[in-house]
Amino acid sequence: MARGERRRRAAAAEGARPLERARGAGRRDGRAGGARGSAGGAALAVVVLALAFGLSGRWVLAWLGVRRALTLHPAPSALPPDSSSPAVAPEFFWGTYRPHVYFGMKTRSPKPLLTGLMWAQQGATPGTPPKLRHTCEQGDGVGPYGWEFHDGLSFGRQHIYDGALRLTTEFVKRSGGHHGGDWSWRVTVEPQASGTPSFPLVSLFFYVVTDGQEVLLPEVGAKGQLKFISGHTSELGDFRLTLLPPTTPGDTVPKHGSYNVFWSSNPGLPLLTDMVKSHLNSWFHHRPPGASPERYLGLPGSLKWEERGPSGQGQFLVQQVTLKAPFSVEFVFESGSARTGRDQASEQLVGGQLTRALESHAAAFKERFERTFQLKEKGLSPEEQALGQVALSGLLGGIGYFYGQGLVLPDTGMEGSEQKMDPSLFPPVPLFSGVPSRSFFPRGFLWDEGFHQLVVQRWDPHLTREALGHWLGLLNADGWIGREQILGDEARARVPPEFLVQRAAHANPPTLLLPVIHMLEGRAPEDLAFLRRAFPRLHAWFSWLHQSQAGPVPLSYRWRGRDLALPTLLNPKTLPSGLDDYPRASHPSAAERHLDLRCWVTLGARVLSQLAEELGETEAAAELGPLAASLEAAGSLDELHWAPELGVFADFGNHTKAVQLKSRPPQGLVRVVGRPPARLQYVDALGYVSLFPLLLQLLEPSSPRLGPLLDVLADSRHLWSPFGLRSLSASSLFYKQRNTEHDPPYWRGAVWLNINYLALGALHHYGRVEGPHKVQAAKLYRELRANVVSNVRQQYQATGFLWEQYSDQDGRGMGCRPFQGWTSLVLLIMAEEY
């Protein structure tokens, strides 16, 4: 409201100055002749009114643009009403939907019940507090860690290595009742090295958090031990949580544990770790029978509700159990509606029954995995089969449920003008999505999610429909989806403030179309029914991309949102493209034509046109068909993007290669532009962008442009490496160059699995269809596939992680880890599923 008032006052002031000038001119004209002065005054009055209305009209349009940017799209949801509720989808209601913590579960709800695990090794470093582990971090020294098995639904087993400890976290869900069923955890702590003479003293912290008016009632046992926690929420009904006494691993023999408890108001989800740390300040003695006592730091030990907060703030209840490794502890959630009418003693999912359930689920996972991907049948080694299982499990175990409001800068239609506005809150929305990395990117990314779902849909098409439906639910009234979804306090706490805001003028590669293509080709009734519901939103999303990112000439496209040409940047980044620092035109301008975006739009027009025809959407088909035909017409791409002097496709823009970073004390490294100066030309940056017509299979097998692209791809001076295709030619001036003094190369030579997957899919295609390059494509396919699979396997065996990217020089994993987002595509590469 205040911003609108200032604009109105500014518009009024701008309208007053021409009026004063008009009056002055009228007086001068009046001395020459009254009639002429009257006529001139009238004419000027008309001009003034027109100007005022013009300014007013622009303000109204800007105001409407802001409103549309912050308004959800009116099209019907692609998912059924209340699709996340236990009544509609009970099998998905509970899950490991907290990817940023080492182990935890929550309900798929805006106000969830959350459970989680923290742990600490007591006395590991005398005189210092124990290191409390909770959230996945890059630099906390924990690792490797990750899911050995996870079926995305009801079962998982994870191993975590932390110094001298190995933790195994397992869970099983059991259906029943009306509120999502029951679940049981088993956490096993063992020394990493066998035959360890001294077993470490370890504390586990099991906690429950509510987020509002929900009820938690702990039942007190002896010496700080909770018998159980009773609770009630509107979505779960009545329930009970029980922490069983610790036992020897693989046995039912009980072990002596020491107990502490803490109960408080919910401090806010990002502050749970800090609250436990701050209260872990009292010394206690662990006294097993027949053994010497050992000191440990514990929680206060009382069951009074500490630091009671405002009504509706929620509760935070922690049970600490401390003992010497090795041991196992089980934590059980029982739904009241599932328990009704059941013999609790015989039916509780604990002990031997839990062991049998875990073994049964593990066997079922392995059998289903082989049935789905057939790695053993296709001759892959046991190590490669295990890698495939880990890749799938890590991706499924990283699926999260998020709810909240993002920060958005509306699109005013004038580039750069959004910098003068304050961001606004988008409406509260849910998101069910995979994440690229639990430690570094534990939230939804639009460009990544399409690749994630290529893997997920082979395993569980229902999960993919849920994820795509949620992403399409983020559409604003214009058809825009923010490229990074930072929803809720937990997600926001892990992102620097300068990266929280999403700009409604900026796009992202429409990779959600990739799983849509698979759905369209498979023609499963459930998928086609989903696509019918989703089509209005898919169409709106594509239309926004096609219109908002239009380039300077017909059928050209340009990523909005390139960085400004600051003196510290070697080459202004293009974050919306997903390829961040990949070299583009040295001097950003409205004259740019971006090859990769043109290819994405061509693919989108093709897919949406085919989908409209399949669904009988005649009006949309009449619009999309001609657009697809124009974009795919012979010579259309050549005319805008073929660079004869480079022998490949390329971006076009205001460019010179005579740029470099030089030291200029005291500023540090600054960009220096030499000669020749920038001019409109094709951009000489040979790399992933150059391959996009090949990657997205937009070229006919007989195209004269296919051969040169295959030659460049196969040339070790350019893109070929023993570990996969590098992102930028080794001959490029930008190869492995920093973009700023503090910004190391990212898409400037490293090997990325998502693009290598697209390349393998294209080579597989062109190696199977008749054409002059069939033999060459097939040979390159076999060699590239072997290189990629071998390197990812070797790096996993050496480090225990899948990585964000891999070195083109020695194959080592680089970037963040674990990265079981699109690096999980190694599974589809092994299975030859494209």
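Every residue, even glycine, has its Cβ placed from backbone N, Cα and C.
The structure displayed is predicted, hence computed values, not measured ones.
Among the features that Swiss-Prot reports, region 'Disordered' is placed at 1-37.
Among the features that Swiss-Prot reports, topological domain 'Cytoplasmic' is placed at 1-36, with the record citing sequence analysis.
The annotation compositional bias 'Basic residues' is assigned in Swiss-Prot to 1-10.
The feature motif 'Endoplasmic reticulum targeting' is assigned by Swiss-Prot to 3-9.
If you look up Swiss-Prot, you'll see 17-31 marked as compositional bias 'Basic and acidic residues'.
Residues or ranges marked as transmembrane segment in Swiss-Prot (evidence: sequence analysis): 37-57.
Summarised as a single figure, the pLDDT of the topological domain 'Lumenal' (58-834) averages 94. Per Swiss-Prot, the feature topological domain 'Lumenal' maps to 58-834.
The region 'Required for endoplasmic reticulum targeting' feature in Swiss-Prot is assigned to 74-136; the stated evidence is similarity to another entry.
The number of other Cβ atoms within 10 Å of the Cβ belonging to Asn654 (N-linked glycosylation site), over all protein chains shown, comes to 19. Taken from Swiss-Prot, the feature N-linked glycosylation site covers Asn654, and the record attributes it to experimental evidence.
The residues of the region 'Required for endoplasmic reticulum targeting' (74-136), classed with DSSP into helix (H, G, I), strand (E, B) and coil, number 3 helix, 18 strand, 42 coil.
According to DSSP, Asn654 (N-linked glycosylation site) sits within a strand segment.
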